[in-house]
Amino acid sequence: MAEPPSPVHCVAAAAPTATVSEKEPFGKLQLSSRDPPGSLSAKKVRTEEKKAPRRVNGEGGSGGNSRQLQPPAAPSPQSYGSPASWSFAPLSAAPSPSSSRSSFSFSAGTAVPSSASASLSQPVPRKLLVPPTLLHAQPHHLLLPAAAAAASANAKSRRPKEKREKERRRHGLGGAREAGGASREENGEVKPLPRDKIKDKIKERDKEKEREKKKHKVMNEIKKENGEVKILLKSGKEKPKTNIEDLQIKKVKKKKKKKHKENEKRKRPKMYSKSIQTICSGLLTDVEDQAAKGILNDNIKDYVGKNLDTKNYDSKIPENSEFPFVSLKEPRVQNNLKRLDTLEFKQLIHIEHQPNGGASVIHAYSNELSHLSPMEMERFAEEFVGLVFSENENSAAFYVMGIVHGAATYLPDFLDYFSFNFPNSPVKMEILGKKDIETTTMSNFHAQVKRTYSHGTYRAGPMRQISLVGAVDEEVGDYFPEFLDMLEESPFLKCTLPWGTLSSLKLQSRKDSDDGPIMWVRPGEQMIPVADMPKSPFKRKRTTNEIKNLQYLPRTSEPREMLFEDRTRAHADHIGQGFERQTTAAVGVLKAVHCGEWPDQPRITKDVICFHAEDFLEVVQRMQLDLHEPPLSQCVQWVDDAKLNQLRREGIRYARIQLYDNDIYFIPRNVVHQFKTVSAVCSLAWHIRLKLYHSEEDTSQNTATHETGTSSDSTSSVLGPHTDNMICAVSKASLDSVFSDKLHSKYELQQIKHEPIASVRIKEEPVNVNIPEKTTALNNMDGKNVKAKLDHVQFAEFKIDMDSKFENSNKDLKEELCPGNLSLVDTRQHSSAHSNQDKKDDDILC
């Protein structure tokens with residue numbers, strides 16, 4: 001409630017020319033007689049952020065009626081709590097001692113003193129009184145000089161204090177005083193501040209602090225996951241930045257909520273994302289990287305060839321060497337490049353390291369090799385092929401592919417050659433737009449190709465593969481010895497054919513090859529109009545109703561053209577079946593289809609993606625390869641740029657390669673590759689079982705003589721005649737850590753080798769055979785007494801010394817080797833599991 005008008009106001013106005021007699025204590029307001037307290041309080045309330053709900057003193061028109069004399073009334077208690085003292089310094093008209101000491105004080109709860117009531121009888125001039133509401137708006141010329149000076153001095157003393165209080169409230173410096181009940185004086189009146197608003201401000205500050213803490217925690221967690229550590233400052237200057245950070249936090253949270261569709265299907269976590277980010281960021285030192293890898297040794301295993309000195313290949317990493325990039329997956333090209341220093345023809349070998357994929361490819365160019373003599377060309381071929389197929393200590397090739405550009409120029413056009421020399425040879429060709437296959441002759445297929453050929457592609461179905469070493473069962477093809485002789489004229493192909501000098505097979509005839517060569521023709525990927533497609537399944541008749549409603553039919557209701565995809569999805573070349581299936585190397589020759597057009601430059605025929613051999617298992621897992629399927633159906637998805645980038649982020653290395661006309665290419669084992677035919681091409685390809693891949697199985701052996709007989713099994717002609725009587729011996733083995741992976745891959749049966757039988761025994765008596773020590777990669781066994789009869793095989797006794805690490809594999813092997821009767825499932829695969837460099841030393845009793 002507002003207090004009643006007090007006669008003190010009239011006392012303050014009674015002395016118009018008074019001077020200030022005393023100074024109030026620090027913090028008190030000095031008022032002139034011309035300035036009623038009601039007007040001052042009204043002015044104060046407007047300037048102070050409107051804290052008080054209502055004014056305590058001088059409300060309404062009390063300032064204007066201050067000159068009216070009213071008897072003092074008992075004041076009501078203040079609405080804001082405890083009473084506070086009022087103090088005035090009235091101005092006197094003359095410097096008399098009574099007027100100089102006329103300052104008085106009284107509390108809000110006491111009556112007016114008698115001395116004050118006596119002074120109330122003095123008349124008040126009307127011209128000196130100004131309405132309180134217009135006092136602050138009066139011009140200075142209307143006031144007396146003394147009053148104007150006093151008002152200006154009073155205003156000057158009041159403004160700095162208001163500014164200080166506003167600054168305290170703004171910066172929060174006066175919060176503690178306000179919360180503790182400290183009051184501010186106004187017009188000589190004690191006016192406490194509202195507590196509920198102070199509490200609200202304190203709560204808002206606490207909430208802001210908690211929000212900042214939460215933001216810091218969230219940002220720190222996000223940056224720790226991203227490998228960044230950044231401390232945010234809490235100063236007031238960075239408040240506008242917090243809005244941007246809030247948006248970033250929301251974006252990151254939204255990205256986390258979104259899951260990749262492929263990850264939702266597989267529900268497999270990323271295995272390499274965090275480790276690759278950490279190491280690729282350069283946070284690990286070179287020493288830590290070596291310890292983490294555990295792969296990089298001082299010596300690098302080199303290819304063992306006839307003309308290569310392996311002693312010169314022991315390249316060690318210098319201790320003070322600095323590598324600009326350290327990664328768990330990246331190969332250090334410096335080590336591989338040092339291997340070229342000891343090569344005879346290193347200036348003719350070009351190594352391409354692809355920065356996007358991280359894998360390396362070896363190139364050689366026939367125009368640079370033209371000055372070599374035939375003997376030098378043979379040495380270069382062995383050196384180049386040995387470098388392409390060389391492997392590290394993990395049996396993974398250093399390079400994903402080796403290419404000799406233009407090396408097949410001496411060969412004739414394959415399609416022209418076979419259509420002219422073997423016109424009636426049957427072939428199988430596909431029909432464009434259909435999955436049907438029709439059988440035709442080589443000359444008829446060549447005629448279709450020639451009729452539809454234009455600028456690098458033809459519009460006829462592709463020709464399926466035919467065998468060049470004889471057809472078996474449902475295969476198509478024949479034996480073409482003259483063409484095979486032309487292939488052997490190349491030093492690169494002579495050593496890498498299935499029966500070549502680097503092969504572990506010793507074939508009596510080229511017809512016995514189960515690894516090719518094969519030949520096929522592809523038209524190239526293209527868009528084909530529907531009208532040009534024979535018997536197109538997309539073509540349909542329009543009914544009468546459709547003809548009437550043509551205006552409503554969209555133009556895309558019928559396909560105008562169709563994409564013919566000429567692609568071979570990702571696969572790895574394998575030999576063998578079942579548990580004996582294992583990866584092997586591949587060789588290919590490309591001859592573009594020209595049909596009389598001979599361009600000056602070789603045409604691009606294939607786009608190839610090859611993955612590094614060391615990432616074989618990861619590629620199989622990521623791309624869901626079924627390695628027991630044929631090459632065309634091992635993978636169900638096509639690897640495009642987006643998939644390549646995803647795999648690269650997970651540390652998988654690859655190379656993107658373009659193959660040209662007349663190129664010969666070599667692909668090491670465990671290299672997953674996919675091909676896309678970009679122009680019409682005739683291809684040759686075959687598998688090669690290198691001695692390098694089976695060199696650890698070659699040991700010197702003593703043979704036991706057996707009786708020979710004839711065999712009706714045509715598939716075993718590689719090994720020679722077989723009979724029903726066999727004597728099988730299990731060799732004594734020493735453990736080799738290099739082939740421990742074969743134990744886990746169930747390749748135990750590959751170590752049982754089958755050889756031709758020397759003689760046939762007529763007696764049915766058991767024969768005791770003493771077998772010396774031999775080295776394989778399975779386990780330690782002593783074959784002491786082996787009993788054999790004409791129709792079955794019996795093992796008398798075994799003494800097995802097992803290592804605890806290979807106990808399970810030995811048990812499985814014993815069950816497979818000792819069933820009482822030994823059945824040979826695939827003799828061709830067994831023969832391929834070893835090399836026969838010295839036939840006498842390699843004979844095994846089977």
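The backbone N, Cα and C atoms fix where each Cβ goes, glycine too.
Of the residues His455, His673, His694, Swiss-Prot puts just one in the Fe cation site with His571, Asp573: His673. Note on Lys223, Lys251, Lys435: Swiss-Prot annotates SUMO2 cross-link at Lys223; no matching annotation appears for the rest, which is not proof of its absence. When you go through Ser32, Ser79, Ser273, Ser714 in Swiss-Prot, the residue listed as phosphoserine is Ser32. Long-range Cβ proximity for Thr568 (2-oxoglutarate binding site), meaning a same-chain Cβ under 8 A and a gap of 6 or more residues, is found for Pro631, Leu632, Gln674, Phe675, Lys676. The CA atom of His673 (Fe cation binding site) is located 13 Å away from the CA atom of Tyr665 (2-oxoglutarate binding site). When the Cα atoms are compared, Asp573 (Fe cation binding site) and Tyr665 (2-oxoglutarate binding site) turn out to be 14 Å apart.
Apart from the site residues His571, Asp573, His673, the chain places the Cβ of Ala570, Ala572, Ala586, Pro631, Gln634, Ile667, Val671, Val672, Gln674 no farther than 8 Å from the centroid of the site's Cβ atoms, the recorded Fe cation location. Residue environment of Tyr665 (2-oxoglutarate binding site) contains 24 other Cβ atoms, counted within 10 Å of its Cβ in all protein chains. Around His571 (Fe cation binding site), the same-chain residues at least 6 positions away in sequence with a Cβ under 8 Å from its Cβ are Leu625, Pro631, Leu632, Gln634, Cys635, Val672, His673, Gln674.
DSSP classifies Asp573 (Fe cation binding site) as coil under the three-state reduction. DSSP assigns His673 (Fe cation binding site) to a strand in the three-state reduction.
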